[in-house]
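The structure appears right after this line, and notes come after that.
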Amino acid sequence: MNKPTSAVLGGAAGVAVLSVALLLIEVETRSRIGLFDVVARFVGVPGNQALGFLLFVAAGTFAWPLLFVALEAYLPLGPDPAIRGVGFAIPLWVAFVVLGRGDLSGAILVVYGVLTLFAHVAYGFTLGAVYGRLSGETDARRPMPAYPEEDRDVETGAGSEDR
Amino acid sequence: MSSPLPASVGESLAAAALAGTLLLGAGWLSYRIRSNASPGSRDPPGTRADGGTRTSRVSRLRAGLPYDPVRWLTTVNHRDIGTLYLLFAVVAALWGGTDALMIRTELLTPAADVWDERTYNALFTTHGLTMLFFFVTPAFTGVANYFLPLFVGADEMAFPRVNALAFWLLPPSLLLVRAGLVTEVFGKALAAVGPRVDVLYLLEPPTTGWTLYTPLSATLANPQIDLLLLGLHLSGIATVLGAVNILVTVLVDRAPDVTWANLDILTWTLLTTAGIILFAFPLLGSALVMLLLDRNFGTTFFAVEGGGPILWQHLFWFFGHPEVYILVLPAFGLVSLILPKFAGRKLFGFKFVVYSTLAIGVLSFGVWAHHMFATGIDPRLQASFMAVSLAIAVPSAVKTFNWMTTLWRGRIRLAAPMILSIGGVGLFIVGGVTGIFLASIPVDRVLHDTHYVVGHFHFIVMGVIAMMAFAASYYWFPLLTRRMYDRRMARVQAYTLIVGVFVTFFPLLLLGMDGHPRRWASYTQGMDTNPGWMLLHWIATGGAAIIGASVTLWLFNLVQSMRVGAPVTTGDPWNLKETGQFTREWAWFEERLEERRRRTTSGVEDD
């Protein structure tokens, strides 16, 4: 699969993980953080949760992954695309925390920061891992030689020997 | 006792319709899976998938997935089920860990201003329940499922289908226990695209504490508590089924060359644990049903005019204290198994470690009332429980001394599992000794329901139980994945975990000795006389952050190593043959690697 398509699919998987994680955090914290307001503020439409979330998903699926492919060779922490994805997601998290913070203050910022960092790292990792798997980048850049039979596994799509 | 129906009839009908739709959907899905998985529909006899015969869209989709969902949903293989248990335990641990993080955040400030009191109460309740019932028990059941048959030379667990059933009861019971969050996630997702269904916001997280003391748990109107009781009951059934399987496998399915005389130490502890489960969990189930009846059908088991609130405490702790040993004995077994491997010596006093395990198994049923020294039960009765509680320290000490003596003059290799084992023994000593103080009635009267107790048992649950779960994950990682983890990162993780546990829980001991009550969201009142409390809480929260970072490192290391770690080509990655400690599970692994090598070099397809 070509690189941009793989990246968009990776972005879709990553955004799914990120959205579910944000939703879980939102509910777990009994809506004290108001994460969907944060999302709306982050993408620049404060107060409009539905449009904000839509823009957020669109950016996470198309804009960031394509930027990721364009920058891939220059990103630190390589050569594994999943790790590069994490490195790529950290600045996004910084922007998210700063732009979306709103009037949150005090000790709740600790939880807000840590949990959203986890969610963004999961986004970056998923983006990179799925992209790497679909485009073949992961196998091409594997630091260690794989088992000889695993090359065949990748071709046939059969990962396990116990079936 | 029962509360009036809190939702309107329309909302109830909507909820019923929703549940019905979900059930129908699940039924349709399982029908599709069954018709797809049954031989004949997917692969007609004599044809192959690449032979151009018909394949449904679903089976093409399945073949494209990295993991076959039908296989994982229908497996009865003990190793697959063990893996599922371990994955489930990781999910539960991360969830319970988030609760813990939120608890620590609340305590950063003296006032209850991060979360309100009710949320705080819910947090310590769900943290306890999730960690004890859905992290530790499944983690060790997973280890038992994967490795016990290999250790005793059995082909399978005794009842593979019961085994699968026991696992698959766990996800629904976790969902029941934490249903409020799940329905609310659903409600929020629905509200984002359409109407707000109020009934989905009806369940609030339970605020009873994990011990579910009556009369509070019998009188709270929150319907989530009924679901919680049902979920715990279901998880109890799952645990008992797992225990029966372990018992029968060890008793009747051993290979001819595995005798009682050469049974390995982990199997001994798992066997004892399974025995305790068999006696303790059914009692929890009965008590839960009684509480459910009290709440909904007007019985008076735990009402003052009936059996009284003390009855609940007796029943609960008759289960609850053995539960402590259900959690800790497998961890002790793992120390006894892993520590000698990296000390280059056989376990010192093997027989006495086994005897002490059995002794703990028996004594664990005779100490429950030490949780009730602050109640009005007869002081003479309390004295007898104090004596047995002090006595149970002896077998634990026997183990500790045996572990230390195993290290004596050993050739110690500080690999990650070993660092965690040694750290676990050290932290267990802190947790154990603080427990001996608590066993003394006068001390307990002072420290009961303070943070001292929280500190004490976290030194054990985090210090040795979770520590050994991590150690086991490293020790068997090559066997589970045929890849090696990043060893330097693992060593860093092990050291930071030890530091994190100590920094988090030692301040709690100090806070408790200062009289800081546990389960209080706000400690503003105490700050006048004890201005140091906030600093101690800050230190503890800092420690929790270290633990969090350490756990992240672990998760990252394992996920990453599973993807791209160095392949393991030897059946003896820990050089156990050198010291004559090459155990059966590694022999099995070596055999499989060898078989794999033969297959690929001879060009024979695996299928």
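Cβ coordinates are placed from backbone N, Cα and C, and glycine is handled just like the others.
What TrEMBL says about this one:
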type: TRANSMEM; residues: B:12-31; note: transmembrane segment
type: REGION; residues: B:37-57; note: region 'Disordered'
type: DOMAIN; residues: B:66-575; note: domain 'Cytochrome oxidase subunit I profile'
type: TRANSMEM; residues: B:84-103; note: transmembrane segment
type: TRANSMEM; residues: B:123-148; note: transmembrane segment
type: TRANSMEM; residues: B:227-248; note: transmembrane segment
type: TRANSMEM; residues: B:268-293; note: transmembrane segment
type: TRANSMEM; residues: B:324-340; note: transmembrane segment
type: TRANSMEM; residues: B:352-371; note: transmembrane segment
type: TRANSMEM; residues: B:383-402; note: transmembrane segment
type: TRANSMEM; residues: B:414-439; note: transmembrane segment
type: TRANSMEM; residues: B:459-480; note: transmembrane segment
type: TRANSMEM; residues: B:492-513; note: transmembrane segment
type: TRANSMEM; residues: B:533-556; note: transmembrane segment
Notebook entry, point to check: Sequence gap of 6 or more, Cβ distance under 8 Å, 3 or more pairs: do the transmembrane segment (B:414-439) and the transmembrane segment (B:324-340) meet that?
Noted result: yes
Next item on the list: Give residue numbers and ranges for long-range contacts of the transmembrane segment (B:352-371): same chain, 6 or more residues beyond its ends, CB-CB under 8 A.
Entry: 265, 268-269, 272-273, 275-276, 279-280, 313-314, 317-318, 320-322, 324-325, 329, 332-333, 336, 377, 381-382, 385-386, 388-389, 391-392, 394-396, 398-399, 402, 438-439, 444
Notebook entry, point to check: Are the transmembrane segment (B:227-248) and the transmembrane segment (B:84-103) close enough that 3 or more Cβ pairs fall under 8 Å, when only pairs 6 or more apart in sequence count?
Noted result: no
Notebook entry, point to check: In terms of Cβ proximity under 8 Å, which residues at least six beyond the ends of the transmembrane segment (B:227-248) contact it?
Noted result: 129, 133-134, 137, 141, 144-145, 148, 157-159, 162-163, 165-167, 169-170, 172-177, 179, 203, 206, 208, 212, 270-271, 273-275, 277-278, 281-282, 284-285, 288-289, 291-292, 295
Notebook entry, point to check: Taking the domain 'Cytochrome oxidase subunit I profile' (B:66-575) alone, what is its mean pLDDT?
Noted result: 94
